[in-house]
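Worksheet: one structure, shown below.
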Number of protein chains: 2
Amino acid sequence: MTNPAPDTITVDADRLWRSLMDLAEIGAYDDERTGLRGVNRLALTDADAAGRRQVIAWMEDAGLAVRVDRMGNIYGRREGTDPTAAPVLTGSHIDSVATAGAFDGCLGVLGGIEVVRTLDERGIVTRRPIEVGVFTEEEGVRFGTDMLGSAVAAGRLTLGYAHGLTDRDGRTLGDELARTGFDGPADVRLDPPYAYVECHIEQGPVLAENGVGIGVVTGVQGISWQEITVHGRAAHAGTTPTRLRADAGLAAAEIIVRLRAMVDSGEYGELRATVGHLTVHPDLTNIVPARAELTVDLRNPDDAAMARAEEDLSAFLRELEDARPGLTLSTRRMAGTAYVPFDETVQKVIAGAADDHGLAHISLLSGAGHDAQEIAALCPTAMIFVRGEHDGISHNPREYSTPEACARGVDVLATTLLRLADQD
Amino acid sequence: MTNPAPDTITVDADRLWRSLMDLAEIGAYDDERTGLRGVNRLALTDADAAGRRQVIAWMEDAGLAVRVDRMGNIYGRREGTDPTAAPVLTGSHIDSVATAGAFDGCLGVLGGIEVVRTLDERGIVTRRPIEVGVFTEEEGVRFGTDMLGSAVAAGRLTLGYAHGLTDRDGRTLGDELARTGFDGPADVRLDPPYAYVECHIEQGPVLAENGVGIGVVTGVQGISWQEITVHGRAAHAGTTPTRLRADAGLAAAEIIVRLRAMVDSGEYGELRATVGHLTVHPDLTNIVPARAELTVDLRNPDDAAMARAEEDLSAFLRELEDARPGLTLSTRRMAGTAYVPFDETVQKVIAGAADDHGLAHISLLSGAGHDAQEIAALCPTAMIFVRGEHDGISHNPREYSTPEACARGVDVLATTLLRLADQD
């Protein structure tokens, strides 16, 4: 191993790990399926509010000046020598899905605070301010729109839209902000930072497969979600001749098989296609399904290839309808975001920092959505991915990155932030 | 229309219809999905017991000598001039699924009673006795084994097995027989009748499609039910490269598509294949399914072709496992019955009766199971099918056969029974 370059900084791995484990106790539950301790900290629940208070306490202990905006986004600011310079922003989120682990989002927030503690200990002063952000409702599980806090901060969605969103019990996000005390006074529109760098677990198997611990993220692939409903005709399995059937379940199966063939064809670039949700009705052994419902999740780093995939899928659905009397298919768009490329200069700073720490790294796309894709509209942005165990499983109590892996990712974050904060 | 042949008899269509409608009031409920009045008369519930008492009252009014056996099977006997001659048996069942119509099973039982009433009115005496049977738990919905009463009467299943079966609340069939007062004293093993003829609604679209009202049933096709469980690996839809996936839902879809290809190939005779039950887990839009569960319902009138289909399906499952690392497939046999051919002589008597009534008819296989397939082990057996509306929908409050269709079917039953009962 080479000696680290002079302007690298190394964080306190134990202190980082303790903060991850301490935060994971807030909203913890015993997961019956896995036998593990999981985290359930849906946005703006009491558990999330308790987690936010803990994070603010840690920020204040680290000397950060904390402000909360009207979306409940939290920013902790460490001044630089030039307080008029745009700050370097880092951060992520601490809200979780209902059956989560300790790392998703939290690593970026607690990693940012750990960087500040380390700079303080070393007496390092930067030219630009450094801010650590905590964005509200990144998961989108409670109020139905993901990357919500960062999207409003970046101006893609309005505050009114966000405040009016309701959870399944009919409570609005605006009311829940007030109830938890996180309807802050700060303006929600973020003044463009100098740069944004987010450290996050990979939530996938690519780093492990490549035998490296660090990923330099080149962008977030486009996402297209739609729900397809197939209406056929219920029929008795024993008495209905095959040619008289309108089998909704068969049509759903043909769509799934076709999607895989589209992926394998290579004609749609790096398309990924997933049917994760699938139900048939009436769901009885001896009844031909009258109805099937499935979701199609498409990902693509190439917007043109994505559009082509969507069109060809639509054409296939029309073909199915034409070929099978009695079948009707309808689709509903659930979500769609374009490919977000990250800034190449920031990627180079991250890669250089990893090199100077002697850490092997690769460049890769993000398959999942992140706050960084919203903040990228405001300033040069990129992400650092940290390797996960168990094929990078996430949104599950089995989610796990080693203390070593977390610390090395935050080392790279620290050096990256330091270098960016000293730029003119 | 030609004049009916001299030894045909025509039943009272109104009286038959009234008895069907009266019996349908016992266990009736308002079906929310269809907005129609349905029937819920699961075997040996209070509703079924009330229906049984009504049927016994009608039998006694028609002068039948009623006996109940240890399975709760009910027989009403009309003596012939030769009381030592084996009787001609007709009948069916009055238990229902939870969301039934008025006709399934009931037409055969009430049709049999209507034949006796008509013979009495005409003063017709037959050589052989005629018996009308009501078999217990034909549907198999409550205690899990269909054609149960007739299977025990025919000796395929034992009384001990049947009495020990439990419903989902843990109540045994034996206890429910006692509770409802239908643990009769008669021996359950049926002395072989001279012949058995069962009139039943088709529960399928073939008669309507052929523009005829009467079907002469040539047999009951073999049935094979199995449950397939596919174990794969949960993975994030965005972050997991396609080549690293073990997608249980995709494998399920490939099985469904392959089954249809097998049917269409024509290599398995008149194979019908249905996947009616299909679930994936965790059933989330952005998670590759870790597990899929599906049922495969195969029907075939050719046992050799059925065995070939089952073998080739098994081979395909092994191929899938071999081709896709990380996938494992397991199967569980749920049910399997061989093809039951009906007696050609009895079919000819039925066809001749239909001809003599001037009624168009076709021969067809039964896709569904019936008590007749059990009684066929004891004596020459065949069935008469009556046309249903709405593609022959059954096990649904929309199940419907017109008063005319029901009466014409029971006319054919009456003439068939009369002719068989006068044979030496």
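In case you wondered, yes, glycine gets a Cβ from its N, Cα and C as well.
Where the annotation comes from TrEMBL, it is an automatic prediction and has not been curated.
Taking Cβ-Cβ distances under 8 Å and a sequence gap of 6 or more within the same chain, the neighbours of B:His200 (Zn(2+) 1 binding site) are B:Ser92, B:Asp104, B:Gly105, B:Leu107, B:Gly108, B:His370, B:Ala372, B:Met383, B:Ile384, B:Phe385, B:Val386. Taken from TrEMBL, the feature Zn(2+) 1 binding site applies to B:His93, B:Asp104, B:His200.
Same-chain residues at least 6 positions away in sequence with a Cβ under 8 Å from that of B:His395 (Zn(2+) 2 binding site) are, in sequence order, B:Val97, B:Thr99, B:Ala100, B:Gly101, B:Asp104, B:Gln203. Residues or ranges marked as Zn(2+) 2 binding site by TrEMBL: B:Asp104, B:Glu139, B:His395.
If you look up TrEMBL, you'll see B:219-320 marked as domain 'Peptidase M20 dimerisation'.
Each residue contributes its Cα atom, and for B:His93 (Zn(2+) 1 binding site) and B:Glu139 (Zn(2+) 2 binding site) those atoms are 9 Å apart. Fewest other C-beta atoms within 10 angstroms, among the binding-site residues B:Asp104, B:Glu139, are seen around B:Glu139. The Cβ centroid of B:His93, B:Asp104, B:His200 marks the Zn(2+) 1 site; residues of that chain outside this set whose Cβ lies within 8 Å of it are B:Ser92, B:Phe103, B:Gly105, B:Cys106, B:Leu107, B:Gly108, B:Glu138, B:Ile201, B:His370, B:Asp371, given in sequence order. Mean pLDDT of the predicted structure over the domain 'Peptidase M20 dimerisation' (B:219-320): 95.
The residues near the Zn(2+) 2 site, meaning same-chain residues not in B:Asp104, B:Glu139, B:His395 whose C-beta sits within 8 angstroms of the mean position of the site's C-beta atoms, are B:Ser96, B:Val97, B:Ala100, B:Gly105, B:Glu138, B:Val141, B:Ser394, in sequence order.
Each residue in the domain 'Peptidase M20 dimerisation' (B:219-320) gets a DSSP state, and the totals come to 39 helix, 35 strand, 28 coil.
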